[in-house]
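Participant: If you look up Swiss-Prot, you'll see 1-24 marked as signal peptide, on the strength of experimental evidence. Annotation comment: Swiss-Prot describes Cys29-Cys50, Cys35-Cys55, Cys39-Cys57, Cys45-Cys60 as disulfide bond. What Swiss-Prot records for Lys49 is site 'Pharmacophore, responsible of Kv1 potassium channel pore occlusion'. What Swiss-Prot lists as valine amide is Val61.
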Amino acid sequence: MNAKLIYLLLVVTTMMLTFDTTQAGDIKCSGTRQCWGPCKKQTTCTNSKCMNGKCKCYGCVG
C-alpha cells in the first residue's frame, strides 16, 4: 500500500517538474544572462538558465 502511494507521488512530482520548464525557442546562449530577456517575454519571469547552449525558462513561483 505504501509503495503504491510513494510511486504515485513520484510520478506526479516528476510530471509537475517536467511541465514547469519550457524551452525559449531555439535561442542559443553562452551564459545565463542572455536568457533573461527571452524568458521574460515568454513567462514574465527572468528565472532561466543556459544549458547545453540553449535557454531553459522556469515558471514563476507564487
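Cβ atoms are placed via backbone N, Cα and C, with glycine included.
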Participant: In whole Å, how far does the CA atom of Cys60 (disulfide bond) lie from that of Cys29 (disulfide bond)?
Facilitator: 21
Participant: Which ones are near Cys29 (disulfide bond): of the disulfide-bonded residues Cys39, Cys45, Cys57, which have a Cα within 10 Å?
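Facilitator: Correct set: empty; none qualify.
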Participant: Among the disulfide-bonded residues Cys35, Cys39, Cys50, Cys60, which residue has the largest number of other Cβ atoms within 10 Å of its own Cβ?
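Facilitator: Highest number of other Cβ atoms within 10 Å: Cys39.
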Participant: Determine the Cβ neighbour count for Cys29 (disulfide bond): the number of other Cβ atoms within 10 Å of its Cβ.
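Facilitator: For Cys29 (disulfide bond), the count of other Cβ atoms within 10 Å is 20.
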Participant: Quick one: of Cys39, Cys45, Lys49, which recorded positions lie within 10 angstroms of Cys55 (disulfide bond), measuring between C-alpha atoms? Sequence order, please.
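Facilitator: Checking each Cα against Cys55 (disulfide bond), the hits are Cys39, Lys49.
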Participant: Which one is it, among the disulfide-bonded residues Cys35, Cys39, Cys57, that lies nearest to Cys50 (disulfide bond) by Cα separation?
Facilitator: Cys35
Participant: Show which residues of the chain containing Cys45 (disulfide bond), separated from it by at least 6 in sequence, have their CB under 8 Å from its CB.
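Facilitator: Long-range Cβ contacts: Cys39, Cys57, Tyr58, Gly59, Cys60.
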Participant: Taking only same-chain residues 6+ apart in sequence, whose CB is under 8 Å from that of Lys49 (site 'Pharmacophore, responsible of Kv1 potassium channel pore occlusion'), what do you get?
Facilitator: Thr32, Cys35, Cys55, Lys56, Tyr58
Participant: In three-state terms from DSSP, label Cys39 (disulfide bond) for me.
Facilitator: helix
Participant: Within 10 Å of the Cβ of Cys55 (disulfide bond), how many other Cβ atoms are there?
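Facilitator: Excluding its own Cβ, Cys55 (disulfide bond) sees 24 Cβ atoms within 10 Å.
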